[in-house]
Amino acid sequence: MQTRNTFSWIREEITRSISVSLIIYIITRASISSAYPIFAQQNYENPREATGRIVCANCHLASKPVDIEVPQAVLPDTVFEAVVKIPYDMQLKQVLANGKKGALNVGAVLILPEGFELAPPDRISPEMKEKIGNLSFQNYRPNKKNILVIGPVPGQKYSEITFPILAPDPATNKDVHFLKYPIYVGGNRGRGQIYPDGSKSNNTVYNATAGGIISKIVRKEKGGYEITIVDPSNERQVIDIIPRGLELLVSEGESIKLDQPLTSNPNVGGFGQGDAEIVLQDPLRVQGLLFFLASVVLAQIFLVLKKKQFEKVQLSEMNF
């Protein structure tokens, strides 16, 4: 009886351990897969530096285009679309962290003027919701509602990202005025080349850390290489570690120089930034403009009628 209870206890403990391990694995995988925007959030208080450079460029080294479309002007307390376009060749495949090839993901950061923010769900129209799809936006900081981030998300489905934006109302927010405002955007496609701690990913070129002769290249069991470089002058050895997924450009017995590329460049993605302008329009100014245009049209009509009346008078006088 005691033995049976012991086995039962052991079985329960094993089951509990497996369950806990599985939960930790799932949480870890989820945090890693959604970590890219968090890299910037954890390391930079503001994603846009004083020079105007968006900090995502510190990890995504290649330059690629990005575009943004916003209305020329919006009225207070209205919802509008900010469409970020991240174009790239959909046939391209990138090197994943496990060394295999896979589809590119995309991400974006949208820096709005103070007072502008993500529109609440109940203010978004069904048509706009259809354009947004299953995207989930988040604030860069809890106290920075005007800075939004998204990604990584599948690039083949979301190379165009629609942000639903709520315009502020100066009547309720005294810090907002009827002015022309700048909007800044950054967008990337594919993985970065450098992690926030300065270490390289396997999506970049690896260079020789020393000059000399390549005496040995060992292919590691789980992928990647160990390249041994020997300096002929003093027989000093240096071992360069190449992560999995990269293609070697060198071979054993080859003479190489310091900083010479050991691998080809696998990166097919890149980062770009752009800007746009939007006017927060005063409704009274719009009404005034409409009134002015209406008065001009009426004045033109009266002039035409007056001219016709004058011509009739002249014609009648000529008949006499």
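Just so it is clear, glycine is given a Cβ too, placed from its N, Cα and C backbone atoms.
Copied from Swiss-Prot, the annotated features are:
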type: SIGNAL; residues: 1-35; note: signal peptide
type: BINDING; residues: Tyr36, Cys56, Cys59, His60; note: heme binding site
type: TRANSMEM; residues: 286-306; note: transmembrane segment
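On the structure: features taken from Swiss-Prot.
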residue	record	Cβ neighbours (10 Å)
Cys56	heme binding site	24
Cys59	heme binding site	19
His60	heme binding site	26
Does DSSP give Cys56 (heme binding site) helix, strand or coil?
helix
